[in-house]
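The annotation domain 'CFEM' is assigned in TrEMBL to 26-92. Residues or ranges marked as region 'Disordered' by TrEMBL: 397-427. What TrEMBL lists as transmembrane segment is 104-123, 135-156, 184-206, 218-241, 261-282, 294-314, 334-357.
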Amino acid sequence: MRAYIFTPICYVYFVCHVPTLTAAFEIKNFPDCAVQCINTTLSINTHCASSQDTSCLCSDPTVRLTVAQCFSTTCTPKQVLTSLNATASTCGDPVRNKSHYARVFNIVFIVVTMCIVVARYAAQAAYGRFHLPSDVNMVFIVALNIALTWVCDHMYRTGLGRDIWTLPFHDITELIKSYWICELLYFTLTWLIRIAFVLFFFQIFVETRFRKILSAVIGVYILAMVSGILTVSFICTPVSYLWNSWDGEHKGHCLDHNAAVFAQAALSIVADIVTLALAISQVRNLQMSMKKKIGVMIMFSLGTLTTVVAAIRLKSLVKFATTPNPTWDYLSAGLWSIVEYQVGVICLCMPSIRLGLARLLPKAMGSSRKNGASSSHGSGQVFDGYGNGKSRAFTSSRVNPAKADDTESVVQLVDLDTKGPARGSTP
């Protein structure tokens, strides 16, 4: 935030707030620069007789805009906010505050997500299959999710969702600092979620060449995550200038922060599309019925929900980049960010929960564990599921149901040893 934003702040404030007046102006509540602006405006405007003529000053948008422009060119940033706040109080402008709604939204979403994560691990325990890389990655995701939820709640408590001119100066600084921390946590969390989707593919697709491609994709995602963290961390010199520059009393310089945020948002959307394309490219090679293939594609398509939300968030960021009232206008982008990463975590948990329910409630979930009319034999290799490329030979004998086995869980894409579950073959 820079000092030059205060001209549009004043413009938005005076144009949008034209209420019925309740009291005469108390000039003593205004900084000297603001008093000078008011008197100058009244002296050249024939409609307003004096500073006591609140009806003229508060109800005429032209007069208010003229005063606002004078504030932005004559006063310091802090004096501008003080003048706007005093004007709002005098004119009886409504106090806007959506922070409490955002806090409830934030807390409810994290509670729902954590319940689903617990259900994921319970389902894995019931099904008896775990995947160490995915589970470790999920631990980091959960930890970052909790931390991000706490920092976001702190942002709402310090003023996000309110007009900037109504906030104490200390809260503005604290809010910008919290926003910076949120960005770092957000970039890390969302990239770990994308990595988690790729790790899930390791549990399904066993073709060696494709698994090497997946490893390369994970490497690229890690580089993108690190680059985003470093860019945001050191976007200003000194670092503290990011949250202190708004008052015009500190020295330093910053790179184009909006450009960095847009670049990361666009890169994230591209990564989501690449991840989905990787999965769909392998579905046609799976040895299963068309019904199962459609089921697999639907399962993978759940990941596109995060892409859709990310695109909506990017649209909100465009508005945020030019807003004169960031503490109010960023609320929408912030809420969409919460939806994006929480939906991503929920989508990650769905396949495991589906398998667990199929094991516990085979009839309700359409499991095909029935007495069959035919049998089949085969041999081959299964991967150990830990992403190290090792495999072991197996020979299996399996009794098949009389009818087509189209209702089996869509995650079981490789034959399993009938003597027991192959650890790590499913999430």
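Cβ coordinates are placed from backbone N, Cα and C, and glycine is handled just like the others.
The stretch from 104-123, 218-241, 261-282 with the most CB pairs below 8 A to the transmembrane segment (334-357) is 104-123. Among residues of the same chain six or more beyond the transmembrane segment (135-156), those with a C-beta under 8 A of the stretch's C-beta atoms are 99-100, 102-103, 106-107, 110, 113-114, 117, 120, 124, 174-175, 178-179, 181-182, 185-186, 188-189, 192-193, 195-196, 199, 334, 338, 341-342, 345, 348. Summarising model confidence by region, the domain 'CFEM' (26-92) averages a pLDDT of 79.
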